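Asker: Pasting the feature list from TrEMBL:
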- 12-36: transmembrane segment (TRANSMEM)
- 42-64: transmembrane segment (TRANSMEM)
- 76-95: transmembrane segment (TRANSMEM)
- 101-124: transmembrane segment (TRANSMEM)
- 136-157: transmembrane segment (TRANSMEM)
- 177-196: transmembrane segment (TRANSMEM)
- 228-318: region 'Disordered' (REGION)
- 259-271: compositional bias 'Basic and acidic residues' (COMPBIAS)
- 286-300: compositional bias 'Basic and acidic residues' (COMPBIAS)
- 301-318: compositional bias 'Low complexity' (COMPBIAS)
- 337-356: transmembrane segment (TRANSMEM)
- 368-392: transmembrane segment (TRANSMEM)
- 399-418: transmembrane segment (TRANSMEM)
- 424-449: transmembrane segment (TRANSMEM)
- 461-484: transmembrane segment (TRANSMEM)
- 490-513: transmembrane segment (TRANSMEM)
Amino acid sequence: MALPGKWRNLALLSLINGFVFTAIIANVTMTARAVIGLDTVSLSYITIPIAFTFLGQCGSCIPLNMLTKRKGFKAAFLVGNSCGLASSLLMFTGLESRTFWLFAFSAMLLGVSATAGLLTRFAAQSPCICESEFRSTAVSLTILGPVVGAAAGPWIAAGGRDIPVTGPLARPYALSYLLLTIPFVMNLILASFLTIDDLARVAAEASQDAAASKTEMKMKSQVGGVAVEGEGEGEEAVPSGVVVPEDADHLQVENVGRGGKEEGEHMERNRRSLGAVEEGTLVRRSSAETREKKTGEVHPSHSAATAAAPHSSSSSAPQSPWKYAHDVLFINPAGRLAIVAGTVGYAAMTVGMAPAPADMANLGYSDLAITGALQSHFVLMFLPGFFTGFLAKSIGLRVTILLGDFATLFGFLLLMTADPLSLWVPWLGLAVLGVGWNWMFVGASALVVGAVSERDKIFHVLGLNDTILFFSTACLGVSAGILLGNSGRLAQLSLGLALASLGLLYSLFDLLVLPSFIRAKEEAAQGSSSVRVSSK
């Protein structure tokens, strides 16, 4: 059954993301050449505005995620796009006044708008509009909007390059930064039509009503110290000493040891039907495990249980949201792969792409050739979104990320062989780099959401994830510009090659080596559990 507002909200999210990335791509296309046009700074400074953009993303990740948790996605999109509008005007002012640092610091506000744009990939996975099996496809669909922006962004940049050549807009690309206000105004209008927050509120109220009704039924049906719960005809009664979570696909029943003949009969029947016993805890693994092995997508409760991710029982103390987020990203194997793949994908793409306009200009390529190469990169960052979701379902998220690692590595190898006589080499290198980013980014986004079992803490996890991702990207982006200005293009591209190699090695470890350790740990736990049961 289709969820209400699913396609309408997905279309709006794709458009919002598209307009944000139209502005971001236009900025990336012209920033390096706009800085060179100021004639006040050296070549080593050309990636600093882009690095400030990522610092703005880094600094706004947690605040925007907390705002989303309290006020909803619509509020986050309104705040982010308002910051983007202000950034465009301030960057224009910086160019006109020939003030590099005003221009650079204003780019931080552009980073806030980029963070809001990236929230669309998590809004699309909201349970109120997206079924769990549709998660990777929903992420891919939100990335389709930027395909148009990838083609339009470089032309917005080129359109304001030289016109007008006199008057108040005399600085190169000044008019382009005024044109960047249009996408942000469009997004402020589009965000007002989103209904995700309203649907989520209705679902939460319905859930609370159902919980209240269930509690009332339980109190009424208590007979002889045993509470019988049942939501439908023919459903098996469960004793009050057995805790049954809401997730019926991953039933976890905890025996709190009330004793008695009648309860013992219930527990014996549960043992036979669920098929596993470990220290009074019964666990039935659903078909989601089979789906995990096939697709690489980890069900939240299974990833938490098998990977030592945070999973508190009714008897344990509540866990801090930030401690929980730390455990999801650094203890859970799915979370670790997500943070590594996302960081490597974004950072490597930035190292290869941000200095590309100045790099290609130094090699003697024309402005038209540079614009075309950047368009090929940006379009293929997002165009694979048409099929990446289906690819992930067919071969798994982990294999999709691995393919992204290989594509990124190959892209850097091509860029290192570029020369003025072979225009197709930088075009192809940047294009392959874009495809690699898409596969790694979509895979990492789906993995990190799938690794979260406590939905009330998801925004803490997403905030920490994106903060780490963009802070790393900002630092490596600045390093790429310094290497280009002081040591040349080969040193800059070698940094990207090293990043891609590290990502590839970790993906291979996660796919080929880590599962054997996890299986051995599970088998050891099951063996010790069997010994305890037999001794009893």
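In case you wondered, yes, glycine gets a Cβ from its N, Cα and C as well.
Model, not experiment: these values are computed from the prediction.
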Asker: Which sequence positions outside the transmembrane segment (490-513), separated from its termini by at least 6 residues, show Cβ-Cβ distances below 8 Å to it?
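Answerer: Cβ under 8 Å, 6 or more out: 333, 336-337, 340-341, 344-345, 347-348, 351-352, 355, 359, 398-399, 401-402, 405-406, 408-409, 411-413, 415-416, 436, 440, 476, 479-481, 483-484.
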Asker: Using a Cβ cut-off under 8 Å, which residues of the same chain at least 6 positions beyond either end of the transmembrane segment (337-356) come close to it?
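Answerer: The answer is 28, 32, 46-47, 50, 54, 329-330, 370, 373-374, 377, 381, 398, 401, 404-405, 408, 411-412, 415, 426, 429-430, 433-434, 436-437, 440-441, 443-445, 447-448, 451, 465, 468-470, 472-473, 476-477, 479-481, 484, 489, 492-493, 495-496, 499-500, 502-503, 506-507, 510.
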Asker: For the transmembrane segment (368-392) and the transmembrane segment (76-95), decide whether they are in contact, meaning at least 3 CB pairs lie under 8 A, counting pairs 6 or more apart in sequence.
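Answerer: No, since the transmembrane segment (368-392) and the transmembrane segment (76-95) share fewer than 3 Cβ pairs closer than 8 Å, they do not count as touching.
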Asker: With the transmembrane segment (136-157) as the reference, which stretch in 12-36, 177-196, 424-449 has the largest tally of C-beta pairs below 8 Å?
Answerer: 12-36
Asker: Is the transmembrane segment (42-64) close to the transmembrane segment (461-484), in the sense of at least 3 CB pairs under 8 angstroms with a sequence gap of 6 or more?
Answerer: yes
